[in-house]
Amino acid sequence: MNAGKLSDVRFAHWKKKSQETRIFGAWKKFSARDVRRCCDATACQTNLSVIRKVGLDIREGRTTAQDVTRAYLAKIRQTDEKVGSFITTQADNAIAQAISIDEKICRGEDPGILTGVAFAIKDNICSSDSFTTAGSRLLEVHQSPHDSLVVSAIKAEGGIILGKTNLDEFGMGSTTENSAFGVTSNPWDMRRIPGGSSGGSASAVALKQCAAALGSDTGGSIRQPASFCGVVGLKPTYGLLSRHGLVAYASSFDTIGPVTTSVEDSAIVLTALCSRHNQLDSTLHHTNSSRFHDHLKNLEHFASKPLSGYRFAIIKETIGLGVQHDVVQRVLEAATKIERLGAAVDFVSCPTFHLGLPAYYILALSEASSNLSRYDCIRLGGKTSRDEGFGAEVKRRILMGSFALSAGHSDAYYERAQEVQRMVEAELACKLQEYDAFILPAAPSPAYLKSEKMNDPLAMYSGDMMTVNVNLSGLPAIVVRGGHVENDGTLLPVGLQIVGRPFRERALLEIAHAYELCTWDEIKF
Amino acid sequence: MIRAGGPSPSPRGRRAGPIRLPRRAPSSTPTRAKTEEKASADASSRTGADAEVQFEAVIGIETHVQLNCRTKAFCRCAAVYGDEPNTHCCPTCMGYPGTYPVLSEAVVRKAVQLGLGLNARVRRRSKFDRKQYFYPDLPKGYQISQFDEPIAEGGYIDVVIPVEDGGGVRRIGITRAHVEEDAGKLTHYPAKGDTPGYALADYNRAGVALVEIVSEPDMRTGREVAAYGAELRRLVRYLDVGDGNLSEGSMRCDVNVSVRPVGREAFGTKVEVKNMNSFNAMSRAIDFEIDRQTALIRAGKGDEIVQETRTWDEGRQCTVSMRKKEGLADYRYFPEPDLPPLVFDEAFVEKCASAMPELPGAIRARYADLGLPPADVQVLVEDKELVEYFDAALAAGAPAKQCANWLTGDVMAWLKNAKDVAVSSMPLSATQLAEFCTLIEDGVISGKIGKDILPDLLEGKEGNKSVGDIVEERGLKQISDPKEIEAIVDRVLEANPGQLEQYRGGKDKLKGFFVGAVLRESGGRANPALSNEILMRKLNEGR
């Protein structure tokens, strides 16, 4: 199979390390301030939605889907060599999709709620017109025979797919450094990682290389990079969206979700993703599909205390030991803002909180060791052996997972972890009867330097402590901008994580939307 | 138990090598075996080489039954046998990234029915697990199976032991039955000269639904094993959950055989025997394996019995080692996260149960109550269609014994000759058979006449006409009027004066000649008993 035929750009140059410094020099000119300006240009204060604006402009003839798509593709060409968000881009396909949308507009048809929205898709989500590598050398030339459900939903609602974004191999990592196709940089500081594993999607959205992106979240892989890159990341309730077409990492926790510039965009994308149902994922929870964005008001329609009546809880354990002081400060400030919006905020204690991380890693790695056993290097093309195909982190996780499941150890590891999972889930569920949502950091620190934790996997794993309990419990959570911290003269975003009740994405999005709009003036970046 | 060198060993038993030994009577139960063995308790504690020690085989069977659902268990691919390789595969059953299993409802329904048919407890909550091992026929690197919460557990089936083995019924315990998916099929091509060996994989079978039925180690002989297998297949076919075809592999038995001195609690080293294409082969394979193991123990080479899988070589009539089991395989079972647990409400189980037909055990009991001989019952129950046909005849008023006799005799013989004719498409309708049997039972026609006209009925030469009408038309009614018979007898005597004289002169042998002549004269219609009586009276009149 000839790679060049299918993709217009494949960024093999990432392998050249020497470019790193040069890229960084060039990047200096395009700093956080430019990102900020970029954001301001596309969003007005009362309506931060890029998707709504693009859709409206196309429908009302101010621009065309083709022009929008070309602009994004140009942006990718201009910036991606430096930041490395994408593994594969598909310009020709994207333009073709855009043309067909413009034709629909001309015919007076409605292309859907994602009209002209340019998407970047995390490369562990299958799409039939491109490669799906999952960041692995092993799937280097793997082309999925089918679109994942979420990709076909985006296409059906008028979205345009620009390409596939970089990730830690099979989603295994928190830095996007464990990809076979290079390291992605954080747009806010090129020396830093964008977070992971959906680092490519988060950096693409932060850099406006796309209007919105899809990521996947197994232990925080949407939320942590959203926090590090200063964008909005939503992890829906486990079972809300079909996993069909998502390359499995840990089946019990894998979820697909949107990475966007605003909460409203997140709601629109979620609505689109929920619009189609199929039977191809048995863990799907059948709910009535709803239009999440219909309930979101513009700023001018807000009551003076839009969150009045809501009760929030700050988990004490999330602002204690092991969490950077600045990060804790941002969460406490956010709590004050939320109180100002009329909500009550309490401190609660969850004694099981710290048990979640080890339990998560045992369960996720056990499932991963099993899910990855299908890559036998006989089918699916690519490498001739697993040894050659898998990266170091993946091998480490397969070994640990196999060990945790092996005879004589599974009761000490796997079964105890299951028990802990039940405890964590029960405790959070119990607290959520009293509270509408938790607020907590998305990660214990802002984006850290590349290679900082590459040789210390445990340090990297512990960075997931703010997110994994949510996956263990299947709850929905969203990360919005919580502020920023200054580090060596560079501004770094810090996200605020809001965790809601299961299948109450509507309420969660309303809360996040109100918070986002009402704090925009202060946080704005 | 097997008597190894008892007081009167068979001549072959003295020879070295595989020996054939008298089987224990199937009627003896394990309890009896125990009491018998107390006497030789000290013998059994000594080494197996002791000629006085009696051995018994302990046999348990794992049977894989392919369900005859239209699709595979977890995807929409057709589940068919014998098609072009790799034509019924999809991303899901090939284990492509991003695909997930979706359980077919038909699989669940059939598995529940099979569980109920095995008299087992159907769990209201069961779950799927992954059994993990690398093998090229397993696309995902794991098999979706059920580990600790099988769909059904704790059942039994009653197995009818063939008359030649002493007859009777043995109850074989069923440990569990669980749902799993089949693997693909590998065909190995050994190296030839310079060409290296290779294997071809066909994934048409990968993902087809199986139910694995695990028996208790309740069997002791090859014939019991065969009888168990046959009964299981009958059950599968009655329930229409599978076709139970051994040679196509839609029913596969892995038989675990071990031998131990009678009375010992602990099992001997078990050997797995597989690849038997018929129940007959199964019976022979297991007996061979029992003999092989017993001989090894008797020769003091018990340690040569190792945990292994042996395959039955039909050509050489022996079991051959296929692979040794090195230690216990670690399948790293864990709950299948892609499938939610199976939870049944009472209504679902009841719905499954109510859709089940009458099963062989119940039919046997019903037929036994009708007074049918066990041999006829076995023949009838063998075939679901035959049972339906017989029941239809009974419903049409057929006398049970008469009907069973004709059906299992002449009708079956005709069916066997006339290949390609199923019971259900036989021209002779059940109503006709019922009428036919009633006519014989009531003495309207004789059995002889019955045998004569049956072929015409079977071939449908008379269409749907009532048998009574046919008999009437052809004038085949039995003559039971004494006067009419007397006239016939008179005519016969008159026509054969010479023979009559000889008979009356004391040549008794000629009686048969006259009986035949009377029958001929009446066109076979004379009531045999009556004509015999009248003939004898007339013959002896002048003596």
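Just so you know, glycine gets a Cβ as well, placed from its N, Cα and C.
Pulled from TrEMBL:
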DOMAIN    A:67-509  domain 'Amidase'
ACT_SITE  A:Lys122  active site, charge relay system
ACT_SITE  A:Ser197  active site, charge relay system
ACT_SITE  A:Ser221  active site, acyl-ester intermediate
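Overlay of TrEMBL feature records on the structure.
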residue: A:Lys122; record: active site, charge relay system; DSSP (3 states): strand
residue: A:Ser197; record: active site, charge relay system; DSSP (3 states): coil
residue: A:Ser221; record: active site, acyl-ester intermediate; DSSP (3 states): coil
Notebook entry, point to check: Within 10 angstroms of the C-beta of A:Lys122 (active site, charge relay system), what count of other C-beta atoms is obtained when all protein chains are considered?
Noted result: 33
Next item on the list: Just jot down the residues in the same chain as A:Ser221 (active site, acyl-ester intermediate), at least 6 apart in sequence, with C-beta under 8 A of its C-beta; none if empty.
Entry: A:Leu167, A:Asp168, A:Gly171, A:Ser174, A:Gly196, A:Ser197, A:Ser198, A:Gly215
Next item on the list: Taking the Cβ of A:Ser197 (active site, charge relay system) as the centre, count every other Cβ atom within 10 Å, in any protein chain shown.
Entry: 35
